[in-house]
Amino acid sequence: MAERVIFHVDVNSAFLSWTAAYRCRVLGQSLDLRQVPAVVASQADVRRSIVLAKSAPAKAFGIHTGEPLGMARDKCQGLLVAEPDYELYLTASRSLMELLRTVSPVVEQYSIDEAWVDMTGTERLYGPPVLAGRWLADRIFRELGFTVSIGISSNKILAKMAGELKKPNGVSTAFPWEMAEKLWPLPVRELFFVGPATEKKLRRMGIATIGQLAQAEPELLRQKLHQHGENIWHLANGRCAEPVQTELPAQKGYGNSMTTPWDVTDLAGAQQVLLSLCETVAARMRRDGQRGREVAVQIRTSQFAGSAMQRQMASATHVTAEIYEAACAVLEQLWDQRTPLRQLGVQVGKVSWEPYRQYSLFDKPRVDRLEKLDAAVDTIRAKFGEEAVCRASVLHFENSRKGAQTVAFGVHL
């Protein structure tokens with residue numbers, strides 16, 4: 001059986017690259033943000049805004065993703081700042097995934113800006129893996145206008161790690177027989193699934209590099225780190241049999257979260273974020289014919305402290321308004337409305353396929369109206385795009401760049 005060939009494709013500084021490509025290719029601007037000190041960050045509240053992405057010249061000034069915008073400006077007085085445009089990012093991401101699927105039918109999207117591609121058996125079409133990787137990276141830049149780094153190996157984890165070896169716009173390999181040379185000398189924190197807490201435990205065991213982890217006794221790792229210790233030992237030795245999955249396993253729940261470029265300090269602002277998240281989650285549930293009985297809300301403060309809470313609903317639902325109503329009730333219990341928030345998430349659990357809903361006598365007219373509203377919105381968005389219709393309360397987030405004709409609607413909860 002031929003050895004697998006897996007590509008990991010990762011967009012370089014995605015938000016900034018996509019913004020720059022749009023401005024140069026679509027708007028015809030001559031200034032390329034990738035070639036000057038530039039960042040993506042909201043300027044709505046400069047004191048609380050953080051850097052979401054940076055150019056290579058900005059990095060040379062010591063600017064880091066995640067640091068306050070004010071601090072970044074102190075490091076570089078002439079720093080250019082581009083506003084985030086999440087609709088643009090989603091469009092660019094979809095274009096990338098569509099292109100990848102013309103190269104191989106086996107594509108697994110890992111995040112908005114990265115994916116695995118199973119290239120096994122394509123050598124006669126595209127040549128040896130490294131040449132095929134270079135060809136693919138060049139094609140992406142030629143057709144879409146932004147660069148990617150491509151990591152190549154025989155499994156997903158090594159391919160992802162290989163992509164980190166040569167950035168930006170690089171193509172690199174990390175096959176199992178190359179690990180001793182390319183990966184084992186690296187700090188153990190560079191291994192996928194080794195976070196700060198695990199790194200501390202490994203260092204207390206005298207393990208500082210990936211190579212030392214690979215050569216450690218698996219039984220000792222199991223004693224100290226339980227199953228996770230054995231898992232990362234296998235990864236350090238280049239073992240990962242997980243296939244590239246074009247279809248993910250059946251959903252146990254539906255969730256979405258958002259990290260905001262600014263501190264959320266008032267209930268109305270937090271509810272605005274929740275509404276957007278609930279709309280996305282509910283639409284996915286309706287698409288899959290699922291209803292859920294439990295709504296959970298997760299929050300993370302500007303100091304990165306996290307907490308969560310959930311509540312049960314009387315009936316399983318996929319109605320946006322009902323999920324939002326439950327999420328707002330949870331948020332008011334969970335959050336003191338004084339501590340600034342940077343991330344909010346909504347999760348709907350205890351899902352099941354239920355084609356018909358059990359109504360109480362008094363709920364049926366209201367729920368019927370809400371379900372018809374959701375169905376109409378889903379139909380309009382499927383035909384004319386996500387921006388074709390939005391709630392009156394979020395009209396100020398309308399993307400004027402595309403000049404969409406927008407219909408406002410209201411829901412009384």
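Heads up, the Cβ atoms here are built off N, Cα and C, so glycines get one too.
Annotated features in TrEMBL:
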ACT_SITE  Glu114  active site
BINDING   Asp10, Asp113  Mg(2+) binding site
DOMAIN    6-195  domain 'UmuC'
SITE      Phe15  site 'Substrate discrimination'
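Its Cβ taken as reference, Asp113 (Mg(2+) binding site) is surrounded by 22 other Cβ atoms within 10 Å in the chains shown.
Over the domain 'UmuC' (6-195) the predicted model carries a mean pLDDT of 93. DSSP assigns Asp113 (Mg(2+) binding site) to coil, not to a helix or a strand.
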